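Trainee: Structure in structure tokens, see below.
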Amino acid sequence: MGCLNQRLSSFLNNRWLVFVAAMWIQSCAGIGYLFGSISPAIKTSLNYNQRQVARLGVAKDLGDSVGFLAGSLSEILPLWAALLIGVIQNFVGYGWVWLVVTGRVPVLPLWAMCILIFIGTNGETYFNTAALVSCVQNFPKSRGPVVGILKGFAGLGGAILTQIYAVMHSPDHASLIFMVAVGPTMVVIALMFIVRPVGGHKQIRPSDGFSFSVIYGVCLVLASYLMGVMLVEDLVDLSHTVIIILTVILFVILLIPILIPVALSFSWEPRTSMEEALLPESQKEGPSKSEDRDEDIIFSEIEDEKPNEVDLLPASERQKRIAQLQAKLAQAAADGAVRIKKRRPHRGEDFTLMEALIKADFWLIFFSLLLGSGSGLTVIDNLGQMSQSLGYDNTHVFVSMISIWNFLGRVGGGYFSEKIVRDYAYPRPIAMAGAQVIMAVGHFFFAMGWPGAMYVGTLLVGLGYGAHWAIVPAAASELFGLKKFGALYNFLTLANPAGSLVFSGLIASSIYDREAEKQAHGRHPGQRSLLSSFSSFVFLDDPLKCDGAICFFLTSMIMSGLCIIAVVLSMILVYRTKTVYTHLYGRTRR
């Protein structure tokens, strides 16, 4: 009995159990990707036009991207409390929206609906933060695979929830909003006490590599299965019983990873574990912060003082000369003979947010991300209307597909960009430029409206959009360091709602309603200025509906052009950072 209790305790404190629970929570953190499915129900019930729907989309993007509060609270509260705050926000925000849409409470003004959407979607940031913080602490030397898998499950969340919704077999599309409010709430409450740091750095096993391979395999099987199911459901009229069976198989696949902590905790084989260092050895010795700063300053001063010919020496001789110079500077500084002045960091060193904000490289990343991911988010937010305008009734299929391609884009973007920097020591932003070229082609397919173009466009834009969120965090950490990475990353994520505000809230909605007016009145309206387009975005008009490829033709062509501009910005960044990546990864190639 005592042995069983010991193994049960080991299971409950196993870092792989935390990881699996975090994966399940992350599958509920992709509710923002369902906006394309729930927006038609909101639009119909409340008689909104496309601009009003676009404003709700901007509120959703702001809620999904503004994670400063979640990050701050996670540092002072236990993670279960942070998760509980996210649950409350999700339930209250989307629950109230459901009550409004179904007529159970009085209709609220548009600004109040925007606040509710913001609050509900902002709950995702707490799910993301708790999952990432706990797993990064439990897997300190495997952060790349852990973050990639967790982000991938967030990308798959929309497809998973859509398949569960299909089982409900409800003709009322507002029930999807109810599921968004209740489903994640139930899952997170059930798991919130499991997701926590459990001293995972002491649980290293030789089998960890195999365990990660199993998780990756499950992710790929899950993505392939969801894609197959969605295509079958779109092409064949399946009975409700078959849909239930397909959903049960989905749950079985989602449950497979739990076998890893079960096997590790209850197997009778002798267990060997090694302790993984949470901090570098130099930090374990306990130097003071002032000593660390002095050492960093002296090291930085060497870069200014060393002769140019030192860089031309062989690696061993160069390191020897630099060590000698560092020792002389340290002794001179201790004796007061020289005064070491702190300089601004160079690329590849640790930056604060304020230091990064005055660097051209940082703004190149920001605006390239704004144009690339912003154009992708415009498609995600308007996918329901885009598919309806082309005559597709089941908009949920495309929402699920772009969620799956988004996941594969994150996995593939991280994998291929890592191959580029590791094997060729070439700047990682080249992978972002490639993703933006793919997105430009995808937007072109949307513009043409050819038969099957929705499927191809969804594939290409989903892959490219997802790749951004695997490439940008890694590139930012390489160019600006890890010390203030949280602040840097949260600032870069603001590019998402900024792009959505301009591209979806102003450009796409104005063009859609203009084309709808042409179809409704059978005449060519007068030309609108940018000021009048913005005015139309702010003030409310009667609901309009547009049919045909013309509805999003101009918007998609503009998005394609913006992606080409993003490619140019990324290539400028590649040119500027070649020496940094050669310095970071060139030695590993040798």
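Quick reminder: no glycine exception, Cβ is built from N, Cα and C everywhere.
Note: TrEMBL annotation is automatic and uncurated.
Worth saying up front: this structure is predicted, and the values here are computed from it rather than measured.
Copied straight from TrEMBL:
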| type | residues | note |
| --- | --- | --- |
| DOMAIN | 15-262 | domain 'Nodulin-like' |
| TRANSMEM | 16-36 | transmembrane segment |
| TRANSMEM | 107-127 | transmembrane segment |
| TRANSMEM | 148-168 | transmembrane segment |
| TRANSMEM | 174-198 | transmembrane segment |
| TRANSMEM | 210-232 | transmembrane segment |
| TRANSMEM | 238-264 | transmembrane segment |
| TRANSMEM | 351-377 | transmembrane segment |
| DOMAIN | 357-530 | domain 'NFD4 C-terminal' |
| TRANSMEM | 397-417 | transmembrane segment |
| TRANSMEM | 429-448 | transmembrane segment |
| TRANSMEM | 454-476 | transmembrane segment |
| TRANSMEM | 488-512 | transmembrane segment |
| TRANSMEM | 552-575 | transmembrane segment |
Trainee: Hey, which bits of the same chain come close to the transmembrane segment (16-36), Cβ under 8 Å, at least six residues off its ends?
Mentor: 56-57, 60-61, 63-64, 83, 90, 94, 120-121, 124, 127-128, 130-132, 134-135, 138-139, 146, 149-151, 153-158, 160-162, 176, 180, 183-184, 187-188, 191, 194-198, 200, 211, 215, 254, 257-258, 260-261, 264-265, 380-384, 395, 398-399, 402-403, 406
Trainee: Would the transmembrane segment (210-232) count as touching the transmembrane segment (148-168), if touching means at least three Cβ pairs under 8 Å and pairs must be 6 or more apart in sequence?
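Mentor: Between the transmembrane segment (210-232) and the transmembrane segment (148-168), contact is present.
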Trainee: In the same chain, who gets a Cβ under 8 Å from the transmembrane segment (454-476) while lying at least 6 residues past its ends?
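Mentor: The answer is 144, 147-148, 151, 155, 362, 365, 369, 372-373, 375-377, 379-380, 383, 386-387, 390, 392, 398, 401-414, 417-418, 427-429, 431-432, 435-436, 438-439, 441-443, 445-446, 485, 488-489, 492, 556, 563.
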Trainee: Which whole-number mean pLDDT does the model give the domain 'Nodulin-like' (15-262)?
Mentor: 84
Trainee: I need to check the long-range neighbours of the transmembrane segment (238-264): which residues 6 or more away from its ends have a CB within less than 8 Å of a CB in the stretch?
Mentor: 11, 14, 16-17, 20, 23-24, 27, 160, 163-164, 166-167, 169, 205, 207, 211, 214-215, 218, 221-222, 225-226, 229, 232, 271
Trainee: Below 8 Å between Cβ atoms, which of the listed ranges 107-127, 148-168, 174-198, 429-448, 488-512 makes the most pairs with the transmembrane segment (397-417)?
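Mentor: The stretch with the most close Cβ contacts to the transmembrane segment (397-417) is 148-168.
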Trainee: Considering only Cβ pairs under 8 Å, which range in 107-127, 174-198, 351-377 makes the most contacts with the transmembrane segment (488-512)?
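Mentor: By Cβ pairs under 8 Å, 351-377 leads among 107-127, 174-198, 351-377.
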Trainee: Is the transmembrane segment (107-127) packed against any residues at least 6 beyond its ends, judged by a Cβ distance under 8 Å, and which are they?
Mentor: 25-26, 28-32, 42, 46, 48, 52, 55-56, 58-60, 62-64, 66-67, 69-71, 73-74, 82-83, 85-97, 100, 154, 180-181, 184, 188, 540
